[in-house]
Amino acid sequence: MEAANQTGISEFILLGFSEEPELQPFIFGLFLSMYLVTVLGNLLIILAISSDSHLHTPMYFFLTNLSLVDICFSTTIVPRILVNIHTENKAISYMDCLTQVYFSMFFPILDTLLLTVMAYDRFVAICHPLHYTVVMNPRLCGMLVFITWFIGVMTSLLHILLIMHLTFCRDLEIPHFFCELTHILKLACSDTFLNSTLIYFMTGVLGVFPLIGILFSYSQIASSIRKMSSSGGKQKAFSTCGSHLSVVSLFYGTGVAVYFTSAVTHSSQKISVASVMYTVVTPMLNPFIYSLRNKDVKGALGRLLSRSASCLW
C-alpha cells in the first residue's frame, strides 16, 4: 500500500456509529441530550460549591476540578459528533484529529489523578482527623492539582509528538466516533513500536498505580471506620466516601470494559458503544452521584436554585 508523508495528510474520516440515515436524528438527539445534561449537571456542582462557604474545603475543591474536567472531556468528544451528523460530513482535519487525540488522553489522565488525590484526602480526613487541616492545607491542595495538570499536559504532549513523526497510509478511515489514539496508530504505515510501548508504560504508571493507591487508601479508611464507636461518625464517613467510591467504580469499570471489548472483538460498533459509556455517560452521571449521595451538596444545590428562582421572580 502506498504511503504518504504525514505533512501531506489533510483529513481523516470518522465512520461513527451507523451508516443508516434514519438512525442519525436519534443519535443526534441522544448525544445532544447527554451533552446538555453533562454540562448543566457539572456546572451546577461547580456553582453550588463556589457559592457556599461551607463547602470551601479540600474535598469540594477537588470535586470542583473533577466537574470542570468532566465538562471539558465531554466537550472534546460530543460537539464534533453533533457537527458531523448535522452536516453529514464525517471528515476531520489532520490537526483537529490530533487535537482531539491530545485532549481525549489529557482529561482521562486528570480524572484518574484527581480521583487518586480525592482518595488521599478522604484517607487523611478519616484516618488522621486531628491533623487534617494541617496536612490538607490550601498550598498542598493547589500543588496537588497543579501536579495532576502538569502530568496530564506532558504525557499527552509526548504521545502527540510521537504521532507527528508517523507516516500514514492511504486508507484514513477511523472506525470510531472520535480520534482515539490506538485507532490512529492502526492507520500508520511506519513503525509504531515506540508509541505502543509508551501507551503500555503510561497505562501502568497512570492507570494501575493510582488504582493501587486508591485501594490502599480505602483499606485504611475501612479499618478506621470499623474502630469508630459513634454510629453518626460511621454514617458521615460512609456518606462522604460512598460518592467517591461510586465515581471511581464507574470510571475504572467503564475503562476496563472498553479495554476488554477492544481485546475480544473486532466489531467497531461494540467498541464504540463501550466507549460511549466511558467518554459520555460517566461524565454525565458523576454530578448525580455526588448530589444524590451527599447531603452537603444537595443542600448547597437547593440554596443555589432557591436564590436563582428568587432573582428571576
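Cβ from N, Cα, C; glycine included.
Features reported for this protein in TrEMBL:
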- 26-48: transmembrane segment (TRANSMEM)
- 41-290: domain 'G-protein coupled receptors family 1 profile' (DOMAIN)
- 60-82: transmembrane segment (TRANSMEM)
- 102-120: transmembrane segment (TRANSMEM)
- 140-168: transmembrane segment (TRANSMEM)
- 198-216: transmembrane segment (TRANSMEM)
- 237-259: transmembrane segment (TRANSMEM)
- 271-290: transmembrane segment (TRANSMEM)
The transmembrane segment (271-290) vs the transmembrane segment (198-216): 3 or more CB pairs under 8 Å: no
Contact between the transmembrane segment (198-216) and the transmembrane segment (60-82) (3 or more Cβ pairs under 8 Å, separation 6+): no
Close approaches to the transmembrane segment (237-259) from elsewhere in its chain (Cβ under 8 angstroms; 6 or more beyond its ends): 59, 66, 108, 111-112, 115, 118-119, 122, 125-126, 207, 211, 214, 218, 221, 224-225, 228, 271, 274-275, 277-278, 281-282, 285-286, 289-290, 293-295
Stretch-averaged pLDDT - the domain 'G-protein coupled receptors family 1 profile' (41-290): 89
